[in-house]
């Protein structure tokens, strides 16, 4: 049963590319479970007590095999879940199908979680999917209950959170602003969706917002938005910043990128990395992982940085640190990992070597100035294969842009591997439990998980790697002023 | 136009999986050309003089995009070519299609090179394809010429060379031996083919052998067979051992595997390599590349070796060196790179961790004892996806075997990247030219390329990497007793 | 003119091993200045404005060549200084001599800073030296001024700070406690010194404490003591925790140890590191630097950790993580870097390989249980050369203990190299300026330097390494919500 | 008892700097024995059978602690020995003293081996020492035997071999040529010595040459000379090229330099290597080890090469490959490892950064053009400490030259560590045994050791590193056509 791209006016129980992929997805989920010891341990520890009973979670996070294990863990802990992807390209169709079918269902009689995601959504479809995870009318009706939407959001990038905040804002204002030329295409899609919503209901998002007990947010970008909302007094519910758990930021960003950057480069281009000159824009955790991976494959890595501390780290790690302008014409592979905009711009692209590869593992597709690229006079875009495009420049040279400038580790590979995501997602689950079980401890604001939970996440991943942990003696613990069980470090410890 | 798997009795002009893939293949060939500066330089240097005019080359080598660039280089230098793959799984169908179509042809009117290869051949099909590259009747007839087969072989693994030698041997004997239980399935297929050949012609292979001026051989295994033939006085024509050019063995084996091993692991399993325990069997060039790649991804690498010198090298490079038996139950990823047989055996597999990955980058599928695995009582084989199989063992644990125990960098990835193959293939082309142009210099025997040609291959790849070569002054050259232009090292220099 | 070890009752203008070493020290200072661009830049920036005019700094920090550049920088910014080392073995005698002589003095007519330090002090001598930096009577008398001691402390390890706090405490109590068997030898020395002081003056330390405007502290251990004093309400003056500047902790600990650990191992033992099994206790910044250095030399590194997050980091970086007990008999080189006590104990030492090397780069000599080692029945200590001792164990095996279990990078090498110390010391100077110029901003408590100063320290070290820093455009700065000039990161950023 | 530098006319039983250093040397020898398992195993295996009984070995090789273990191994196998160093700076005085005293002697009653070596010889003294190892009159007289000199040479660099060849040549000619302006200072010293010899005896060297059964040579340079002599038909006795054993060239050159280069840099300068730009001239085994060591310390390494194969290797290993001219002004540390002359010349030095470090680990002091440096007008040489000189250039900048341009790992550190030398020296001993026991197998010519002995050397070093060697099954051995016991590789295998 193949499901066509949706008519955005209708609302089926779920929407995936091809439900028949479920069996393949189920195999992959089973293999992934072996690589996600953190989540599997939580199922074992918390399955009996069902701490998420009553929780209705709206999830907006790349609909991959790993996310499938997360979703099934949330369900195993008692939660109800609806899910959308947070990126138009990142869905693994077989994972979405398997989640829709569920472990006990069949493609003919799906018994899984409502999921709205497929690889290659349009922006209209994407925001329609995001809208769907806030419509819990079917569940309310089935349970004879009186609720409209979810009571928790599990977010990645903040799109789900944004939709609620904007929806409520425009309902309070009584109108959705006109779209202007300054608005991005994506923002005009959001405005359109909310305009249609307002035409149908004047308080849908206000009600949704009121029911929400909080959000747990996965990424730098989403966290940045949350702190801004909080600073402006606009945040509507408490938020846990999962991104800044050590076991998330240091692991997902650094070790995840170390794995998935070369994976994406290889799948996209099959170009030898060894011997090449690679340029990594930004030496935060993402850049550190990228540089290590490229060096590990024998590339010569040049780094650029704006922060003198990170620049000094790069130098001390043996990398050349240069401005992009200084070396652009010698570079074979460009990788961006800054979370900022316009770090590679048309003036750079015009100076690049023929068939230089341009890849983003940092942030949105504005990190590489794709709009600027499109506007170069005489530029021509040739699809080599999906997510790999040759842009023929008026100079006679071409460049290869991966995943349309979006996150190539998702678009050209399969995202971070399961083990990394197990770290991130174990944080997510613990954060969801915190917000659900101990909501009173979290007045509206943005929080990080307490260090003992961060250490717990790490601890749950050691056995799988054969790590033997040493135990402090009581005397040693006393000597450094900690408890034997931890936490072991002051809050500002940098790892 | 999709071509079904062949009826092995017929002989079309070419046979590929799907001729419509040619356009995609052509794009990839164009990109690969940018990564194969050695071959492109040869086209520039030798295109005008056509040194291979008159040469009829039978190629048996993985029919990948890179091989397509090799084939088109041979053609650009004047040769006629017929081609088969040398592995049942290694063909990239779009490359085969593009070669069949040719740069100037169209799928409807192919104008390329006769190619017989598709991904996933049966053994019967495989040997039929190999047979096809020796049948030059169509060319002879078209050219009004009087030849039967090729005058040069370009071989990888020695299957094409084997077929000629065995075919002639049985023709001289007047009979093909009976197949016995001791024969492998593959050998019985060869015997069958030659039996059918002998039924049709009593001197086909004898004639083919007589027309051959030599073979250039790509791999350790093929070279090993050639030296054996030469030692036994059975070699029928001169052979150039391309494998032992420094720019082949050190680059293809070490740097190629460094690239394609993690690529294959990632595409096959998406399992995080970082933090895992990896075991590399063998620390020759292949093992060195494998170990470096795995360490570069953050794995802890354990190595096994039989040669005390290589074992000491591994220790000096910081790896634990242990017998497989000593650590088998701690290992997450097993990689074989020895060129020997049975280096991972059932008794090891039964002790492995659940879902341990077993991958071969060394040699045939007997390097991992696949036959032994199949014979374990109660074993069950589940296909996760093509080339990735879970073997459920009677212990209750499973292992994941990649590419059925065959070369996983070919089966699960796309083989060595273009730049590496450019080194190997530039050696191949120079070797073909040597045998064709200077055949008198090569009485029957096995040769390596002279060092100045090996250095030339390297030299042709420097510009693309931005390498500045220093030039000796005449005084310096005299001081170390070399010429300014090289060669720079004694023959036994180890690099 | 060679000065004998001091009669601890007298108080000369300075006390060093051999004033004739001054010329050699001056050469080394000149070379070190080239490697300490941070300090040299501060001289250039602040020399004219003399921000430390009026400051009287008591310094207690390893009296090395690098410290000499620090001292002369403080003087160049207007401060008066008295100096002692903070470790009995760490003084470089030629640096002490050069500082005593001063840039413009001669051995015959010293014109430098009063310094009390020589390599190989006894504990009595050590604490006498520390006492000397608090006696500013000569300066007061020369300047016709009415002060007793310093107004700032620059401390490393907290000994100078301890002496003031204990001295004042006992003066308030009117008596120094009796020495008991539970007291360490060192503490009994301190009690003896303060007992003699109290016999002479009942308010010397009370006055000293009152004059002090603050302390800047260099190390983890010292900082730990300060936070404890602050927590208990016993801290007498504000303190700046220099240790936790990123440019200190991440650079000094990680990159400093990466350099000086192998240096110390080599000078002490000349033993090949490559191929050996090294065990690093602790994977904080020090352990990370140690492990990287050992791996960089080709050792196989095993790590132990108590903190699951750091343990997971070690695994992800490719190291085996094991308890010491599990592998002790396979290890060639033991390195401790925890800041805790008793991490290598007699029961471990008795299991070690013959001539295993035991070295501490973490903390005091209790990190390796030296007292326990001495108490092993039948143990015999043989001096191989200064700071290198063979301990013959009753098992018939020996172990080599470096620097008597104290910091071997100081005892067996020359401490961190100048460039690393330039980072630390530039933080120190900026912290001293903060406490002196902006003292009102610092009520009693423990502070870290503001991030913009931390970034400034990094910035001052980039040019020397040829690092090109990229500049944010105003649009980019706005996009990530920072100013173009920085600071660029939130306070909890981990680098 | 301190022995003054010798009056070159007298011939004592031995000549060392200070015999009282013997005890310290004996301690170091004992520790070194633990690191030289190859030599100790040979003592165990061959001690009983005394294969070197009757051998009289003249050794010319750096008189270090490791060489002391070699000498005592030769003696343990039955040889008589006389020894000189092969470098004016490389003697460790305590090792020389311990060898003179011997394991059973005392400083007052030395009972060791005649040794003529001290740190810091003049060239006159150096060649006098070399002369002494050929004068076996004392031994002959003591043994009532009729011989003049040694019957074997153990050489490093070929100076001992040169002296015999030149001595005999001039005796045959009846005259020593006049010294000319074109002769180096060193050659004029040699001519002087031989002139004095010829004045005393017309056939001393002819006799010495006739008695010699062969030489085993340690280094590239010496081997190069031997092949030249052989090519010209001038070689007087068989020679074994120990340098090209894999366990010598790959271990000593690569792993030895990896260890001793940073050791020498640190002892000489204490400059942080991390973050610096290092330039390695030459990417042979020495350069490979140097580059790896520098990268392992966090330096950014740039390599230069003349051989395109080695250049390509450097690129594939991730290093920038550039001409010295292109980057000279950005480099902090220069390292030469080519074995050629004039690879760093005055025109480069004048462009270097202030206080750039210039170090040679390759070859003679002409590798860096020291003569050219001295001739720069206005240059000034300042000794920072022994073997570390600041050369003040007319540009106002200085450079730091280590060990006067000679091998800095010997001059500034203590040479290769024991474990590395154990590999080299185990080859030496096996080669001496070959020449002594199987002399008939070696007609005049230059040989490498057979591969099974090379493998034996490796095998003898595995246990000490905890390496477990895997054993081939007979089936596996047959499959790859080797014997279970080895040798395992073809002769041209490159490792």
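Yeah, the Cβs are placed from backbone N, Cα and C, and that goes for glycine too.
Together with D:64, D:156, D:248, D:252, the substrate site in TrEMBL holds one more listed residue from D:35, D:186, D:218, which is D:218. Taking each of the binding-site residues D:219, D:409 in turn and counting other Cβ atoms within 10 Å of its Cβ gives the largest count for D:409.
In three-state terms derived from DSSP, residue D:284 (NAD(+) binding site) belongs to neither a helical nor a strand segment and is classed as coil. Set side by side, the binding-site residues D:282, D:284 differ in how many other CB atoms lie within 10 angstroms of their CB, and the most is found at D:282. For residue D:286 (NAD(+) binding site), the nearest of the binding-site residues D:156, D:218, D:252 in terms of C-alpha separation is D:252. According to DSSP, residue D:218 (substrate binding site) is assigned to coil rather than to any helix or strand. Of all the binding-site residues in the record (D:221, D:288, D:409), the one with the smallest CA separation from residue D:64 (substrate binding site) is D:409. A straight line from the CA of residue D:282 (NAD(+) binding site) to the CA of residue D:248 (substrate binding site) spans 19 Å.
In the three-state DSSP assignment, the secondary structure recorded for residue D:409 (NAD(+) binding site) is helix. Non-local contacts of residue D:305 (NAD(+) binding site) by the CB criterion (under 8 A, 6+ apart in sequence, same chain) comprise D:282, D:283, D:287, D:311, D:314, D:321. Calculated from their C-alpha atoms, the gap between residue D:248 (substrate binding site) and residue D:219 (NAD(+) binding site) amounts to 9 Å. The CA atom of residue D:284 (NAD(+) binding site) is located 12 Å away from the CA atom of residue D:252 (substrate binding site). When the binding-site residues D:219, D:221, D:288, D:409 are compared by Cα distance to residue D:156 (substrate binding site), the shortest distance belongs to D:219.
For the substrate site, whose annotated binding residues are D:64, D:156, D:218, D:248, D:252, the maximal Cα to Cα separation is 18 Å. Straight-line distance linking the Cα atoms of residue D:288 (NAD(+) binding site) and residue D:252 (substrate binding site), rounded to a whole number, equals 12 Å. Averaged across the domain 'S-adenosyl-L-homocysteine hydrolase NAD binding' (D:253-415), pLDDT for the predicted model comes to 96. Neighbour list (residue D:218 (substrate binding site), Cβ cut-off 8 Å, at least 6 residues apart, same chain): D:61, D:154, D:155, D:156, D:157, D:242, D:243, D:248, D:424, D:428. Under DSSP, residue D:64 (substrate binding site) is assigned to coil, being neither helix nor strand in the three-state scheme. Checking the binding-site residues D:218, D:248, D:282 against chain B with a Cβ-Cβ cut-off of under 8 Å leaves no residue at all.
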